[in-house]
Structures are given as C-alpha cells and as structure tokens.
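Below you'll find the structure, written out as structure tokens, and then a few comments.
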C-alpha cells in the first residue's frame, strides 16, 4: 500500500514537472501554423490584395518594403500630445504625430505591492517603448501625419477626441472614443481624397514594442517564467494562435501576413495583460514581424481605393488592459482565449467561476481558495472515504503481512502469490487508495493555471505575511507547513516493509517542500488545505473502522 502512495506522489511530482515543461513548450513550440502562414504569405501579395474590390496595385515587393520600415520611436519624443483621463486610464497620451497612443497607465493596477504607481501598459519610456498607432500608407509608402487637435467633447458619458490633418492630398478626420469604465477605445477615421486622381491607400493599425526576448528566460523554480509573451491573433479559419517574440526574432525581419477572412484580431500578449487591435472591416489582413533588433510589430491593415473627391470611413477597436474574460468576450470572437489556462482550461474555467462567486461573498481570495478546496474534498468524499477505509484495513492486516514477508523472504514469487490471496480473502484492493490522489492531479493542474493566469489574483492578499497569492511565500512558511502536513499524512498510512521505500517516503516531503517553495502561495495554500482535510478525514475514518472491526 505504501508503495502505491510512493508511485502516486511521484506522479504528482511528474505533474508538477509536466506543468513546468508545458509552460516552456507552449513558449518554445507554439501550435504549428508555419505551413499555413507560409502559404498565405506566398499566395497573397501583401498590400496588393488588401482589398480585392479596389484594384490596389501595390506589389509584393512594395509591401515587404513598406512592412519592413523601422518604427522610429524618437519622432514622438518632443511632439505635442493630448492627455486623456478616464475611470480606468490615467494619463493616456495621444501624440499629434501620426495620432499614436504613446502612453496609457491602468488606474486599477499598480506596478507592485511596494510601488503604488499605476502600471504603464503602453509607454514611450526610452528602451522599453510600447505604442499603438494607426498608419496611413499612400502609394506604397507610410506617410507622417501632423495632426491638429479639435478638442475633447463628452457625449453620453463618453469622451471623444477629434484630430484633423490635410496631407498628401488627403483630408483626414480621426476620432478616439473613450468609455469611462472600459478599456476599449474606438478609433474611427474619415479619409477624403482631395486630388483629381484615385488614391490607393492602406490603413495599418499596429503595435510596436521594444522587447528583449533573451530576457524572457525560463526557470523551473520560477512559476511566472512559464507564462507567454508575444503575438496572439485570430481569424475566421484559425480561432486562436500564438507566436512568441523569441520565435518571431528568428524570422530575419520578414513579415508574416495572414488573411483574417472576414473576422479577426491581433494582439500583443503578456502576463495578465493584452493589447489588441480589432479591425471592423471585412477585408483586413493580419501581420507580425521583427524589425530592428528587439523591436517587434504586429497589426491589421485594410486597403482601399478612394476616388477623386470621395471619402472612405474606416474604424477599429483598440483594447489595452487586463485579461478579464468578461471584458473581452463581447468585443470580438475568441478574444477571451487570450486568457489561456492550457490543456485543462475547461476545468480551470469552472474552478475560477466557483472561486469568483465565493470571493464575491467572502471578499478574500485566500479564503475563496480554502472554501473551494473544501468543496472539492466534499465532492470527492465518497471516493476518499473508500480509500481511507481500505488503508485502515491494510493497517490492520500489517501483522499478517509481516509474517508472510518473514516466511517467504527468500521467495518473492511465492510472497506475491500469498499476498494476493490475503487481499482476496479480506476483500482488500491495495490500489483503491490511489484513486483520490490520481483524481486530484488534473484539479491541481487546473487550479495552478487559474492562480498563475488570473489577473484577479495579482497582488491579492490573504492574511498576515501573504500579500500576493500569485507570488511565492516570501518567508516559505506555507511550503514548510505543507511539507509537515505530508509527513503527518504518511504517519497515518500503513508503514512500508521495504527499507528503501521507507527512505523514499521520508524524503518526499522534503522534495515537495523544495518544489513548492517557488510556486504561487495560493497554490501551496490549496495543497496545504487539501492535506489538512485529508488528514482529518483519514484519522476519523481510520479510528472508526478500527473501533468497529476489532477482533
């Protein structure tokens, strides 16, 4: 029986290693879409086919040339900008150069527990720039636009910023609409051709970010290094794809272009937060690329031909904020998939749904984790009770088992046969104690991803020294208590006859304490709570069984 527990505990260890390796695998080897992307990039002439109805005549070479342009962050340094403040954004800045959004801080999310400054998701800070921009490409070349502000007006609780410009024969009116309580911004523009000839142009909504992929390193002992940083996108044919910055950096600057096929979005994804462009046109194409060095760009572009003295209206939705499913699900199909719980997302979503409802009642995420653990143990109590009764029966059989071991110590085959006869006679299944722990493995993995990926638990306090359930215990109190609980649980189980097994069991709590030391404290809290409940259940059931089955 004890050997079975060794196997199960080793399975849990493997599960922990599996979590770690899967996190690394998803970063290093995302879903294989190379074939699809390559064929689409080769078959589509990039900007040339941006809109098949407009007879746009930009060639593939021209498109590659335009897409390969470097993002010049320095041109925004001394440019004038308009500052917007809403219920969720602090000091969001729209540059009058190209109308780029060069800064956006999130009021509800601080940099750290010690630094209460609102976190800057978009920033123009030198060396770590991350901006959202809408570029107009005319006759094969991006144009630089110096806008003039027409001021900010308020309509129906929304702030609307209007910028205007006249350049290269175009009259441009661009509006940014901000909802006070939402992270999505509607960017609309009316473009009029004031020349006497048709104009082929492209509106390219994109992100540019200065990011060093080498700094995005993986560590087995750092749970947060398993998270993803890179590009995510969705099309009508491909509901959700990811490409890490590290992989994109290996493309030698060549852009990858994908048809959206009528619906889609493109995003820069990082731990807890996402910035996404959602084009409202049906003929947009999505692309991503590595520019110079550590600068990455991704966007969605739409091509149109505007007749003389005619106008075209093009709009997109920009989301830049936390990855919260309720915020994303109605913005665009599959955008909520940026909240990626991995292979067991179905179970993770159920666990988070229950935790969220409990949290709304108790107001503490740590307490919510404890109550969810109690609920899980209650659901699986019939299996656990059966397991503990079997273990209690095995404990009562220990004297007979030891006699058999002494009698047949030189004949392992005969010992095995006699042991099986004993189990059959007493109606004991030595494997029955394994089932509850096996069932816990997918629950453990699912809860792990909930705690790691849910922004709601970022900087969520519990009690006393636990100020952030998404981070490791700073004083390692919970991992040590968890190790002690494992040791106590072993003492309640039948002792192994094999000295080697006994040594392995003795070191397992130490090994697990070391492994869990770097895990989110919320996960360790779950495992500790689970162990304490299991110990209580096992002790009560064992005492009751022994009292009612004395011979």
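Every residue gets a Cβ built from N, Cα and C, even glycine.
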Suppose you had to name the range TrEMBL annotates as transmembrane segment; which of 428-451, 452-475, 476-499 would you pick?
428-451
According to TrEMBL, which listed range is transmembrane segment: 329-353, 504-528?
504-528
For the annotation transmembrane segment in TrEMBL, which listed range does it cover: 281-301, 302-322, 365-385?
365-385
Here TrEMBL annotates region 'Disordered', and of 32-54, 55-77 the range meant is 32-54
Can you name the far-off residues of the same chain, 6+ from the ends of the transmembrane segment (365-385), with a Cβ under 8 Å from a Cβ of it?
351, 354-356, 358-359, 435-436, 439-440, 443, 447, 451, 456-457, 460-463, 466, 469, 522, 525-526, 529-530, 533-534, 537, 541
